[in-house]
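Colleague: According to Swiss-Prot, the protein carries these features:
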type	residues	note
BINDING	Gln10, Pro11, Ser12, Gly18, Asn19, Gly145, Glu146, Asp147, Ile184, Lys193, Met194, Ser195, Lys196, Ser197	ATP binding site
BINDING	Asp133	L-tryptophan binding site
MOTIF	11-19	motif ''HIGH' region'
MOTIF	193-197	motif ''KMSKS' region'
Amino acid sequence: MKQTIFSGIQPSGSVTLGNYIGAMKQFVELQHDYNSYFCIVDQHAITVPQDRLELRKNIRNLAALYLAVGLDPEKATLFIQSEVPAHAQAGWMMQCVAYIGELERMTQFKDKSKGNEAVVSGLLTYPPLMAADILLYGTDLVPVGEDQKQHLELTRNLAERFNKKYNDIFTIPEVKIPKVGARIMSLNDPLKKMSKSDPNQKAYITLLDEPKQLEKKIKSAVTDSEGIVKFDKENKPGVSNLLTIYSILGNTTIEELEAKYEGKGYGEFKGDLAEVVVNALKPIQDRYYELIESEELDRILDEGAERANRTANKMLKKMENAMGLGRKRR
């Protein structure tokens, strides 16, 4: 039997090339070997201030992008968290298993609440909801970045505590740190990770950037004064970052690229790289624009919610029975 994998994704605006290469691309590959659930976690998103219309737009955009990069709704379940009420219900039950002290120790809570006088309680109780998201599906593996590892440890602790205190119903999930899908750095400062929150828009590439924008961004990317196309992370971080992007999107090795551009300057290298990026993103963009306003996208999300509800409700019933909630049904 296939193992189950669960991935929660925040609907937070545009998706960068770094997100795509570092995570999305790999998550999509996992669907072939696992029983996969991809959840757009809009209830987690509201732990920080959101504009209502913007949030709705971001949810739809993310769903369309996931499908555009290759998520197959026949193989994986793609759904929106708030369309499966069991998440919020199970989240409350997990809050009643969690201790305030362990929630206050979460690094993300400390970071986001630092210096803020008014902190919403949802920021503190975010991890029990995340635990519920994962545990409702009998998840075996959770592909997460290093930044979420602490939350996943807490999920494991809460599941074990619940199993011990009430009934042994939860599978204890394992962390699956994806094999490094290359860490893509800022085009403007190659010592920093590429991020859409960078105030300089030339520092990052989004999956929906137009060809002219892409060309401009790549041509203005920081390199060095040497003029030699060579991979050397330590001394040539800018060129090394561009070589990494080229090698992944152009399906070629870094050694082949070094040989190809030997004796040639950065101008030609950047021009060719821009072409490779444009060609790699074109099919993703075409599929995205086909989907974004379509009934097909709604149908896929409806079916995903239906499947997720079926699975999640079964586990929710087990949780309610274990805790003694509601009435005993025959």
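From the backbone N, Cα and C atoms, a Cβ is placed for every residue, glycine too.
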Colleague: So how many of the residues in the motif ''KMSKS' region' (193-197) end up helix, strand or coil by DSSP?
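Modeller: So the counts come to 0 helix, 1 strand, 4 coil.
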Colleague: Where Asn19 (ATP binding site) and the residue listed as 'L-tryptophan binding site' are concerned, what is their Cα separation in Å, rounded?
Modeller: 22
Colleague: Quick one: give me the count of other CB atoms within 10 A of the CB of Ile184 (ATP binding site).
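Modeller: Result for Ile184 (ATP binding site): 24 other Cβ atoms within 10 Å.
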Colleague: Kindly state the mean pLDDT of the motif ''HIGH' region' (11-19) in the predicted structure.
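Modeller: Overall, the motif ''HIGH' region' (11-19) comes to a mean pLDDT of 89.
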Colleague: Please identify, among the binding-site residues Gln10, Ser12, Ile184, Lys196, the one with the smallest Cα-Cα distance to the residue listed as 'L-tryptophan binding site'.
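Modeller: With Cα distances computed to the residue listed as 'L-tryptophan binding site', the winner among Gln10, Ser12, Ile184, Lys196 is Gln10.
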Colleague: Sequence gap of 6 or more, Cβ distance under 8 Å: name the residues on the same chain that satisfy this around Met194 (ATP binding site), in order along the sequence.
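Modeller: Correct list: Thr16, Leu17, Gly18, Ile184, Met185, Ser186, Leu187, Ala203, Tyr204, Ile205.
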Colleague: Tell me the Cβ neighbour count for Ser12 (ATP binding site), meaning other Cβ atoms within 10 Å of its Cβ, over all protein chains shown.
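Modeller: The Cβ of Ser12 (ATP binding site) has 16 Cβ neighbours within 10 Å.
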Colleague: Just jot down the residues in the same chain as Gln10 (ATP binding site), at least 6 apart in sequence, with C-beta under 8 A of its C-beta; none if empty.
Modeller: Val41, His44, Ala45
Colleague: What is the Cβ neighbour count of Lys196 (ATP binding site) at a 10 Å cut-off, with all protein chains included?
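Modeller: The answer is 16 other Cβ atoms.
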Colleague: Once the DSSP letters are reduced so that anything not helix or strand counts as coil, what is Ile184 (ATP binding site)?
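Modeller: The three-state answer is coil.
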Colleague: Work out the three-state DSSP category of Asp133 (L-tryptophan binding site).
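Modeller: DSSP call for Asp133 (L-tryptophan binding site): helix.
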